[in-house]
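What follows is a set of notes on a single structure, which appears directly below.
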Amino acid sequence: MQLKRLEAYGFKSFADKITIDFDQGITAIVGPNGSGKSNITDAIRWVLGEQNVRNLRGTKAEDIIFTGSASRKALGVAEVSLFFANDGTLPVDFREVVVTRRLYRNGDSEFYINRSRCRLKDIYNLFADTGIGHDGMSIIGQNRIDDILNSRPEDRRAFFEETAGITKYRNRKRESVRKLTDTENNLVRVQDIIHEIENQLEPLSRHAEKTRIYNGLNEEYRRCKLAKLSFDYGQEAGKRADNEAKLTKFRDELLAADTHVQALAAEKEKLHKDIIDLEQKLQAQAARNESLRQKMEEAAREMAKLQERQDQSDEMRNRILERRKSLNSEIARMVAEIAQLTSDHQQQKQDLALLDELLVKEQAKQKKFSQLIREQEQAERELEEERAQQLEVWNARKQEYALAQRDLENSEGDQESREDELYQAREKLADLEDAQDVWQKKLQQITVSFKADEEKWQQTAAHRKNAEAEQAQILRELNHNSQQLHTAENKLQFLTRMQQAYEGFGKAVKAVLKSQESWRKGVAGAVAELIDVPRDYVTAIEVALGGNLQNVVTQDTDTAKAAISFLKRERQGRVTFLPLSTLVVRQSQSIREGRDAGVIGWANTLVRADSCYQKAIDFLLARTLVVDNLDNALKIARDHEQRLRIVTLSGELLNPGGSLSGGSRQHAEASFLNRSGEIEDLKGKITSLQAESRKLTALRDERTQQLQALEHDMQQLQDNLQQQRISQAELETNLQAAGQNLTEQQTKVAAIEEALQTFQKSFARMQEKKVLAKRAAAEAEGRYQELDKDLEKAREKLEDLVQDAEDLRRYINDREIKRAALEQEILGNTQFLQLRAKAKTASEEALKANEQEERDLDASLVDSVDRLKVLDAQQHEWQDSYDEGQAAHDDIYKERMDKLEASQEADKQATVAAQQRNRLQDAIQSHEIAQNKLDMKLESLQETILAEYGLTPERAAEEAMEGEPAEIKANMQQLERKLKELGPVNPNALEEFEELQKRHDFMEKQAGDLNTAKEDLEKILADMDEAMTKQFKEAFAQIQVYFGEIFVRLFGGGKAELQLTDKDDVLNAGVDILVTLPQKKRQNLSALSGGERALTVIALLFSFLRYRPSPFSVLDEIDAPLDEANVVRFGSFLKEFAENTQFIVVTHRKGTMEAVDTLYGVTIEDAGVSKILSVKIDEVE
C-alpha cells in the first residue's frame, strides 16, 4: 500500500488548496522555521483520527482552520484528504482509497471514506493492524521522542502491540468482554424473570383448572337456561294469540255500549243544566234577602250610637274651655322673653363686626410681611447659587488655562507624523477595495446559482409535500373504504344466512315454511316475506302487525288444515293461518282526511305486495290508520270517539276504546320487514365500494412512483446545495471580513484626515486660548468676591424682617382667640331664641286646634238628630222588601226539587249502561294489559336471549338442551349448586396461564441461548488471549533482537535490550528500554542527551519497520538533535528501509536531504499563507 497524494484546503496556514504527490521512496519536506512545513505532518495525523488538538499544536478545535492574515480573510472550513493505492492491505474492495476529514468553524465535523459519509470509528477500523495510526510509530515528531522514552512502560506497550499486529485482537477482545458482561447481566435478569414466573405458574395453574371446570359447568348451565327460556317463549306466544281473539270480541261489544251511554248522557246533561239555572236563581234571591236583613241590623246599631254621642257632648265642651285659658297665659309669657333675647343678640353681632374689621387689616399687614420675607429668601438663594456658579466658573477657567498650556506643549511636532500615517492608510484602503471587488463578484456568481437550485429544491419539496398529503389522504380513504367494505360484506353474509334460515320466525312457522310435504305448494309464505314496506313506515307497520308478521298465508283452508295436522303430528307448536279463500275484509272507517292533521293513510295502502296476496294484507291492516305523531293520533282518536285503531311512525299504538301502548323498542340486526331491502342495498354498496377501492389503489401506486421520483430529484439538488453552501459560507466569510476591514480602514482614513485638518486649525488657536483663559480666570475671581459681600448684606436684612413678622403674628393670634369666644356666645343665644320661637308657635297652634274642636262638637250634635230621622224611615221600607223576597225564594225551591227527582231517575238508567260499558272496558283493559305484558315478556325473553347469548329465540331453541321442563329445572339447580361451590373464578385464568407458560418457555430458551453465548464468548476470549500471547511473544523476541542490532550499528557499539515488567502476565506487562552506551555503564533514559535519545528512538523505529514494514512513515525533524555523522547514518538507514516503506521526512538537515528521492519546499509568499514547491532530485542532478 502506498500514500499517493495529500490534498488540503483551509488547514492551518494553507489558505489555498494544496496538493502533494508522494512517490515510492523518500520524500522530504523542507523550509525555513515558521513556514508551516510541520503542518503537513499535523494534517496527516488529523486525517488518521487525532482528536487531541494539543497534539496538533493548538488549544481549541477551530485553531486548525485558517485564521486569516493582513491580506487574507479567515476561512470557515478546513478539509484534508489522503489518497492511498490499496494492494489489499486495507479491508475494502477499492484499488484507490480516499480518506477525508472536514471541520467547520461552528464545530461540526465530517468524515468520509471514498466520498461516502462515515464515522471516526470506521477510520480507526480501516487502519487497524496496518502499522498506520495517529498515535503509533508511523508518525513521529520531536515531541514524540520524549513521549516514547518518558512514558510509563504500560503506555509504551501500545507501540509494540501495534507492530505485533494484535491491536485488532485487543479491540475485538474489548468488544467481546463488553458483550460477555452484557450477556451475564442479561442472563441474571432472565433467571430472575424465570424465578418470578415459576412462582406465579403453580397458583395460576390451579386457577386455570378451576376455570376449565367452571367453563364446562357454565356451558351445560347455558344450554339448560336456553331450554327454559325457549319453553317460556313458546308458552307466552300461545297465550298472546288467545288473548288477542278475546280482545277483538270485547271491542265490538264496547262500541254498542258507548252509543247507549252517550244518549243517556245527553238527557242527563239537559236536566243538570235546568237544575243549575234554578240553583243560581235561588242563590240570587237568598243573597238579596240577606242584604236587606244586614242593612236593617246596621241601621239599628247606628241609631244606638247616635243617641249615646248626644249624652257625652256637654262634658267635652267644659274640658275645651279650660285648656284654652291655659294656652293664652303661656303665649303672653313667651312673647316678653323673645323680645329681651333679640335685643341682646343684636349687640353681640355689632361687637363681632368691629373685631372682624380689625383682624382683616392686621392679616393684610401679615401677608405683606410674608411676601417680603419670601422675596428676601429668594434673593439670598439666588445670590448663593450665583456665588457657587461663579466659583465653578473660576475653577473651570483655571483648569482651562492649565489644559491650554499642556495641549500647546503636547501638540508641537505632531504634524509630520500625522501626514505619514495618512499616506499609509490611503495605500492600504486601495488594496482592500480591490480585494472586496474580487470576493463580491465570486459571491454574486455562486449566489445566483444557489438561488436557482434552492428554488428548484423548494418547488420539488412543495410538489413532494402535496404528493405526500395526497398520498396520506388516499391511504386514509383506502383504509376507510376497506373497513366499510369488510363491514358491509360481513353484514351481508349475516343477513343472507338469517334470511335463508328464517331467523326471527317462530319454531312452528319455520317448520311450516321449511316443510317438504305436498301441501307446502299451497303455502304462499309468512306475511313478513310477502310485503314490501318503505323505510319510513317500517316501525309503524311492525307495531301494527305485531305477532301477525308471522302469520302464514295459504291458498285455501285445505292447505291450512294440512299444515295444522303436520304441526300437531310433529309437535312443533301453533301457527295462525290466513286462507285467501275464506278471509272476509271489513271496510275501513271513514275519516276527515282534509281536516285531520297528521294523517298519512290506512296501513294497507302504504305497503306493497303481489295483487294475489292483497286480500290478506287488507284483512290485517285495512282498519289501522297511520299518523305522523302521538299528539295528532290522540286528537284524531278523541274526534272519532275512541273507535279507531291508530299507529304512529315512531311506534305508539292507540286501540279502540282508548287504550294506549308505547315506549322504547329494541330491534334485532335486521327486522322481518327491512331484511330483503337491506340485503339489496348492501349488494349495491359493496359493488360501489369495490370500484372505489380499485380506483384508490391505482391512485396510491401512481403517487408512490411520483414520490420516489421527487425524492431522487431532491437528493440531487440537496447535494448541489450542500456543496454551494460550503462555497458560499467561505465566500461570505471572506467578503464579510473584507467589508469589515474596508469599513475600518475607511473610518481610519477619514479620522486621520479630519484629525490633521483639525490640528492645523487648532494649533493657532491654542496660544490665543491660553491668553483668554488666563484673563477669564482673573475676571471670575473678582466677580466671586463681589457676590460674597452682597450675600452677607441680604442675610442681615432677612433677619430683621423675620423678627417684625413674628411680633405681628402674636398680636393677631390674641385677637382671633377673643373673636372665637364672642362667636360662641352669639351661637348659644341664637339657638335659645329659636327654641323659644318654636315653643310659642306650638302653643298658638294648640289654641287654634282647641277652638276648632269646639266648632266640630256643635256641628256633630246637629247631624246626629237629622241622621236618626232618616234611619227610622229606611227601617220600615227595608222590612216590606224582605217579606216579598222570602215568598219568591220558596217558589223557586219547589221547582228545583221537581227537576232533581227527574235527574235522579236519569242517573239510575245511565249508571246501569255505564256499568255495562265499564265491565267491557275493564275486560278490554285487562286483556290489553295482559297483551302488553305478554308482548313485554316476549320482547324481554327475546332481549334476554340476545343479550346473554347473542341468539334469536329460534336459534336458542336449536342449541338448547333437550328434556322436560321439570328435568331441566332440576338440572339447573344442581349446576347452580356446583358453580357456587367452586367459588370466585378468574375468567381469564386459562389465557393468563397459557400466556405465562409461553413466556416461561421463551425465557428458558433465552436463558439457554444466553448460556450458550456466554460459553462461546468465554472460549473466544481464551482463544484470543492464546493467539495474542503467542503473537506478541514472537514479535517481542524478534523486535528485541533487531533493536539490539540496530542500536549497535547506530551508536557504533554499546548494548540495548527490551524487558517485560511482568513475564507472567505477557498481555498486560509494560516494556522497559535498557541501554548501555559504548564505553559507559547502563544509564537511565532520562540521563541521555538529546542526540542519544533521538538515536535510541530511531533504533526502536527501524526495529519495528524491520519486523513489520509499515506502508509509510512520517518523521518530523527527529534528526534535528543529531550531529552530522549521525545524520549521515540516519540517511543511510532511510535508504535501506525505503525498499519496503515509504518515508515522508520533515527536515532541514543536509545529510537527510541528500538521501531523499523527492523534495518539497514550503515557503510563505503572503504573510501567514504557506505555499508548496516541488522538485525531483534526479532532475536537479
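Note that Cβ sites are derived from N, Cα and C of the backbone, with glycine treated the same way.
Worth saying up front: this structure is predicted, and the values here are computed from it rather than measured.
Per TrEMBL, the feature ATP binding site maps to PRO32, ASN33, GLY34, SER35, GLY36, LYS37, SER38, ASN39. Proximity of GLY36 (ATP binding site) to non-local residues of its own chain (separation of 6 or more, Cβ distance below 8 Å) is seen for LYS12, SER13, PHE14, VAL1162, ILE1164, SER1170, given in sequence order.
Sequence annotations record features per position, and here TrEMBL assigns coiled coil to 166-200 (among others).
What TrEMBL records for 261-435 (among others) is coiled coil.
Among the features that TrEMBL reports, domain 'SMC hinge' is placed at 521-637. DSSP labels the residues of the domain 'SMC hinge' (521-637) in these numbers: 58 helix, 22 strand, 37 coil.
Per TrEMBL, the feature coiled coil maps to 679-856 (among others). If you take every residue in the coiled coil (679-856) and average the pLDDT, you get 76.
Residues or ranges marked as coiled coil by TrEMBL: 913-944 (among others).
Taken from TrEMBL, the feature coiled coil applies to 986-1030 (among others). Within the same chain, residues 166, 169-170, 172-173, 176-177, 179-180, 183-184, 186-187, 190-191, 193-194, 197-198, 200-201, 204-205, 207-208, 210-212, 215, 1066-1067 sit at least 6 positions outside the coiled coil (986-1030) and bring their C-beta atoms closer than 8 Å to a C-beta of that stretch.
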Notebook entry, point to check: What count of other C-beta atoms do you get within 10 angstroms of the C-beta of PRO32 (ATP binding site), across all chains shown?
Noted result: 12
Notebook entry, point to check: Setting PRO32, ASN33, GLY34, SER35, GLY36, LYS37, SER38, ASN39 aside, what same-chain residues sit with their Cβ within 8 Å of the center of the Cβ atoms that define the ATP site, listed in sequence order?
Noted result: SER13, GLY31, VAL1162, ILE1164, SER1170
Notebook entry, point to check: What is the total of other Cβ atoms whose distance to the Cβ of ASN39 (ATP binding site) is within 10 Å?
Noted result: 22
Check: Fewest other CB within 10 angstroms, which one of the binding-site residues ASN33, SER35, SER38?
Finding: ASN33
Notebook entry, point to check: Relative to the Cβ position of LYS37 (ATP binding site), how many further Cβ atoms are located within 10 Å?
Noted result: 25
Check: When you measure from the Cβ of GLY34 (ATP binding site), which residues in the chain that are at least 6 apart have a Cβ under 8 Å away?
Finding: ILE1164
